[in-house]
């Protein structure tokens, strides 16, 4: 478990979780769902449909949220992961995963499916975190997650607030000499569209601003055939950058209310087939 796994991170939270039923009458049942707020969501499940819970969990509680996978770039990406985890037999990406065995518990089967999902595209390229929320349910995943996916324990860390941008005449004067240069991508020299935010290098002194696609292609030059980069070297300052961190930083300052996150516009990775 790396230190970055529990550090507060900026941006929005998209997670896909696994519930386990603690009711003796229904013990062993599981449920896979999507959430932007794990604490609130498990309370909704245990409160029944009138409190916003799902019909499959209503009246069968209490439920424990034992595991969550988070770090998805958008709500749509997380929802597609949720669907594939719920219906592995219908996903062509998981055709190699055998069906549930008669002697296999539902919990063990869902962990087996999850382990394989984290090892196949497009999910193997995402900066995901696998987090056990209940230590007493922890099991080793086989196969284990890729090295770039940290395995962590405990509740998700709080989201860090996005730093406020400097405002006022002084800030305008300081940025005026480079205003034209910063309005264009450093890699293709084309201007940024109003609806797309450029990726910016977080290292002090580096003024790199680039289109998401342009920088992704730059990072993938050493990995032909891949769709999503894991890391690369900044073309400006030559420092090493993690792709997942760049995406999180790009989303800073654009956070919406959690109640509206299900209506999030599609991310560029959402067109990947599952």
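Cβ from N, Cα, C; glycine included.
Marked as domain 'GIY-YIG' by TrEMBL: 12-97.
The region 'Disordered' feature in TrEMBL is assigned to 152-173.
According to TrEMBL, the feature zinc finger maps to 185-237.
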Averaged over the domain 'GIY-YIG' (12-97), what pLDDT does the prediction give?
88
Quick check on the zinc finger (185-237): DSSP residue counts for helix, strand, coil, in that order please.
11 helix, 8 strand, 34 coil
